[in-house]
């Protein structure tokens with residue numbers, strides 16, 4: 001990760017257009033101190049640096065050839081270190097060298113352990129290394145990685161369809177080692193399953209259906225199959241039960257290899273992180289729900305009612321459904337389907353309890369109640385009466401249908417009386433059922449309209465604004481290319497801010513609160529070294545002048561010769577600075593571009609174009625507002641004016657390159 005990129009098409013020298021964080025850590029130089037310096041590394045030279053090696057480096061640059069050597073460089077603080085320098089040219093699709101990549105590897109420790117050599121031998125060895133291939137396996141691997149990275153970076157000179165660009169919605173992600181100069185396909189193991197893939201979506205639906213199957217069959221088997229003399233009823237679903245258990249076990253295995261979204265909004269592909277995250281969240285719930293109780297039937301183990309009760313732990317899989325409700329909340333049909341399914345599932349559970357109550361009334365041997373229970377009355381109506389409290393009676397199928405009929409009629413209305421409660425226990429349960437039914441009406445059915453309106457409020461606003469935009473395009477007869485750019489920009493910005501205008505939202509809040517919110521929203525730009533010495537009052541004033549902007553791939557943020565109105569801070573994405581179609585700098589997250597303040601009120605003209613390479617989130621502070629704040633805080637103004645040169649990654653003021 002210790003590398004720099006230099007422009008190979010420069011007219012005078014080869015200026016550095018990008019340096020990695022590792023290079024800054026290795027040398028002690030800040031990124032702004034390295035940008036635009038000549039890549040011959042003269043700024044790293046010292047007393048022990050070999051002049052012939054430096055001349056060889058410059059010769060290799062002029063001839064556009066690969067070069068490798070060991071050289072003694074000096075850090076910013078004056079400390080010497082030995083470095084394995086590897087120079088590799090980057091070619092575009094035309095075969096032209098457009099960039100140089102300098103790779104630096106600190107070999108001070110290995111040099112310290114080796115025997116000292118005199119300078120003449122060192123010079124001869126370094127000169128001979130140019131014609132020799134690297135023999136070290138580690139070095140070969142490093143060069144292969146370097147070539148892979150070069151291939152990705154060289155794609156900057158190949159035009160791509162804008163539809164291949166991905167939106168980077170996260171503004172506060174960790175800073176990457178290199179900027180997103182071009183969006184490349186994600187490099188992941190083929191054994192890692194993407195959580196947003198089509199297969200995973202279909203698999204989740206299959207697991208959801210299996211979960212509902214478990215929620216239906218487990219209470220049914222617990223309450224109804226225990227009354228059979230044989231195990232035929234319990235074994236009738238043995239195949240499907242084992243299949244569901246295998247699905248749950250397979251789901252656990254897949255979850256150990258499925259990506260997830262971290263709290264910072266990044267997709268995690270690392271297998272170890274995936275395993276730790278799954279074990280810490282849903283693993284134990286899924287493991288308990290996947291215990292293969294039905295394998296006891298295969299080994300002819302006597303299954304008691306306790307085993308059936310233990311199978312109720314599978315209902316913990318329903319907790320997974322709560323995790324997916326947020327994902328399905330934007331689909332009204334899906335929400336209604338899930339609500340009706342939960343309502344029917346509740347009726348099914350209560351039907352099972354209603355049947356158990358009827359059985360307990362028959363088995364109570366109470367001469368006053370055993371022959372008036374609802375199950376006994378049902379048997380007499382179906383001409384299948386109970387004999388001696390337990391023998392005979394209606395079939396399990398008829399009893400379940402009657403139970404479900406009673407619970408549904410009690411939940412949705414007051415019932416019809418053909419299946420009614422006669423004993424005290426049955427009446428108490430009927431009262432509870434009607435209370436639950438009233439609650440279901442109030443909570444579920446009474447709020448369906450509100451749920452749908454809440455789900456569609458933002459979408460309705462989106463369609464309204466989209467219609468206004470299309471009407472504007474149609475009325476003014478805008479060309480197709482301009483129309484496409486406007487529609488793409490609108491859709492992209494909507495996906496980022498969801499149609500929320502921060503300035504309008506905070507307009508009615510007091511200045512004190514708006515300043516605190518603005519400082520939180522703009523904390524990245526306010527944490528720059530240029531603002532370290534500013535007072536809190538100065539920072540609060542500055543935060544009110546900071547605005548957020550967005551730039552789509554291929555769009556120009558600034559054009560050469562434009563009047564510069566603001567200084568820009570890159571929150572996410574990548575941009576390039578161009579002049580006469582030559583890349584002067586590659587900008588990534590954390591970079592500050594703009595101009596230093598002039599002593600007079602003259603208009604600042606830009607000296608280059610700034611073009612977005614990916615979707616970019618930017619924060620900018622207007623130069624006029626900046627000057628107003630600096631006038632209010634003169635003690636900080638002088639410090640700001642003196643230090644702004646060091647914090648600008650690229651100075652866009654016309655004439656600054658000559659200075």
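The backbone N, Cα and C atoms fix where each Cβ goes, and this holds for glycine too.
Since we're looking at a predicted model, the values are computed, not measured.
Taken verbatim from TrEMBL:
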DOMAIN    1-64  domain 'PAS'
DOMAIN    67-119  domain 'PAC'
COMPBIAS  110-130  compositional bias 'Basic and acidic residues'
REGION    110-134  region 'Disordered'
TRANSMEM  191-216  transmembrane segment
TRANSMEM  236-254  transmembrane segment
TRANSMEM  297-319  transmembrane segment
TRANSMEM  331-357  transmembrane segment
TRANSMEM  428-452  transmembrane segment
DOMAIN    530-594  domain 'Cyclic nucleotide-binding'
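Scored by C-beta pairs under 8 angstroms, the transmembrane segment (236-254) has its highest count with 191-216, from the stretches 191-216, 331-357, 428-452. For the domain 'Cyclic nucleotide-binding' (530-594), the predicted model reports an average pLDDT of 86. In terms of DSSP secondary structure, the domain 'PAS' (1-64) contains 27 helix, 11 strand, 26 coil. Secondary structure of the domain 'PAC' (67-119) per DSSP, as helix, strand and coil residue counts: 7 helix, 30 strand, 16 coil. For the transmembrane segment (191-216), the list of distant contacts is 240, 244, 247-248, 251, 254, 257-261, 267, 269, 271, 274, 289, 314-315, 317-318, 320-321, 324, 341, 345, 348: same-chain residues at least six beyond its ends, Cβ to Cβ under 8 Å.
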